[in-house]
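Swiss-Prot has this to say about the protein:
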{"type": "BINDING", "residues": "6-13, 99, 121-125, 137, 225", "note": "ATP binding site"}
{"type": "ACT_SITE", "residues": "70", "note": "active site, proton acceptor"}
């Protein structure tokens, strides 16, 4: 059996290949000892690691794994997934939305990291808890899916009420900027969480398309564990990218790019 592992700050992503089949699974990083014990009880042909906690795993297992830089591993894995899913693009920006977000430019041969922001899954969970007292990520994102941002976020259409705006009316003028205009309203947890995810999605997209413009490409690829069970984040990112005139790509199993790429480096 061949195993690639991306041991991140929040999640451990695992890719297994055996008998020409591929399997994906995740574990919380808090369960890293469980992963170590599992590896020590498996017959493994190839083991390759990446991510911030790769060294922790390597120090406690009986095997001799190879360790790769996570940026290179993610780029290689993404290249494989793009090809398998029929996306033939030569150069693009990709945003890896994990606990935070890292941005990379791929020129058809090599990747280079071109930026990063602190908005990502960590902000969704942390700010989400402060707004709702919910700690479970799946419960939080499920509730956010039912939220309405219009009572909380100030949109361009709210400013230009009776006039045609010079830019699309659905663009956000100020995140959470509509709150003081609706103090007589009850702000539900669903609405607050939807707006929090909106902030994350719009910041990531704004950064991604700014870099895409700088590197002269229309293609922006989004991967990362923050999209797990988070259809709202995906919709915000894809819609905002299109609204700004760029072409978004959401990659199935993109969160496993690092683990898959490590396996093939």
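Glycine is no exception: its Cβ is also placed from the backbone N, Cα and C atoms.
If you take the Cα of residue 6 (ATP binding site) and the Cα of the residue listed as 'active site, proton acceptor', they are about 8 angstrom apart, rounded to a whole number. Applying an 8 A CB threshold to same-chain residues 6+ apart, the list for residue 137 (ATP binding site) reads 121, 124, 125, 228, 229. Taking the Cα atom of each, residue 12 (ATP binding site) and the residue listed as 'active site, proton acceptor' are about 13 angstrom apart. In sequence order, 29, 51, 52, 53, 98, 99, 225, 258 constitute the residues six or more apart from residue 8 (ATP binding site) in its chain with CB-CB distances below 8 Å. Cα separation, residue 70 (active site, proton acceptor) to residue 122 (ATP binding site), rounded: 18 Å. Of the listed binding-site residues 10, 99, the Cβ environment within 10 Å is emptiest of other Cβ atoms at 10. Counting other C-beta atoms within 10 Å of each candidate's C-beta, the recorded positions 6, 70 are led by 6.
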